[in-house]
Amino acid sequence: MDCRVFLTLLFVLSGTVNVLFAKWTNIQSFEGSDGKPHHFQHPVVLTLLMFLGEYLCFVVYKIVHLLLARRSLGRESDLILTSGSNEFHPLSMLLPSFLRTIASILLFTGLYLTYATSFQMIRGAALIFVGLFSTMYLNQTLTTRHWLAIFTMTCGIVDILALDVQRVEYDNQTVPHTDHNAILTGDLLIIIAEVLHGFQYVYEEKHLKASDIVPIQAAGWQGFFGIIITIISAICLNFVPSVAPFNESSRGVFDDLSDLIPQLRGNTLLILALICFTCSSAIYNCVGMSIAKFSSSANRLLADGIRVYLIWAFVIFAEWEILNLITLMGLIILQMGIIMYRQAIFLEWYRALLARWRRSRYLDLNAEAGPTPSTQPADVI
């Protein structure tokens, strides 16, 4: 198997596991510091664990670097895993760490309020903002096909938002609130987070390619800065009073850290889920930065969009959500826009059919012409 194909599969699988474990922790209720059951509503803690996973990339990078140096693996493995310069300014990862901190807190809050499938489908909006920011910072040009794709993706997202407001009345197994405002708030928080993610992805692509940074090392520095920023945010949000639907903790704050220890105490499954979430975050972010460096941010998001099918398959099998044809229609519209943007299938199919038709027509014309008879007269003796 080609190394790039393996990395893409690893990227999709780790991202799927990441979302499912985060959603599973959200739908669980544990006893808080006040002795009453509360949902595991800790978006800042999940963000901190995500950055902790990225920081572990430093360890992974050192181990891989030593293994490659000792065993002298092939050039392809070195290209994918450790290619790049070790000399770069770590502060270049400060801005994406800050953007990722805000976006992740918003994302995990939105995931808590909405469905796992809607969460992943709406995340496809990042491709819209990547396209817009690419024109400003990467000097890329959007053609008519790109603008048509952006319009198609927007229509798909609007369809998903409209249906979420309606299906919360009969499909509420994995959402904490059944009112329309709560689930719409969660969806809008995801869209805001994807605006920040779009700028972050473009910034990372520009600096990874321009500075030739090792992706794993860049992810490690991003995790280091992210941990510091998230700890500061956790201290602040632990004392900030919140309004519904963000005040379900014991003290009515955005992220009540006093509930964390009682909820973790004796809950082995929750601890294992958080460990798996941390490890999958490390793999997901490292591989994602590698794809952005050796390909593009748009291809990174195109690969990321594949995991929505795996999430759909799991939630239907686990009976987390009810299969809805209108939601599937919104997904199809969104995926059509993504495919149209990346010119992945439709134009290639058209070119392949046109080339096959021209080839068959050329063969038919040759067959009709037949072999050319010899007109040279025989020699007379």
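Note that the numbers count up from 1, one per residue, in the order the chain is shown.
Cβ atoms are placed via backbone N, Cα and C, with glycine included.
Copied from TrEMBL, the annotated features are:
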TRANSMEM  46-69  transmembrane segment
TRANSMEM  90-115  transmembrane segment
TRANSMEM  121-139  transmembrane segment
TRANSMEM  146-163  transmembrane segment
TRANSMEM  183-203  transmembrane segment
TRANSMEM  224-244  transmembrane segment
TRANSMEM  264-287  transmembrane segment
TRANSMEM  308-326  transmembrane segment
Of 46-69, 90-115, 146-163, 183-203, 264-287, whichever stretch has the most CB pairs under 8 A to the transmembrane segment (224-244)
46-69
Result, the transmembrane segment (46-69) in contact with the transmembrane segment (121-139) (3+ CB pairs under 8 Å)
no
With CB pairs under 8 Å as the measure, which of the listed stretches 46-69, 146-163, 183-203 comes out on top against the transmembrane segment (90-115)?
183-203
Could you pull out which residues elsewhere in the chain have a CB under 8 Å from any CB of the transmembrane segment (46-69), counting only those six or more residues past its ends?
22, 25, 77-78, 81-82, 97, 100-101, 104-105, 108, 214, 216-217, 219-220, 222-224, 226-227, 230-231, 233-234, 274, 277-283, 285-286
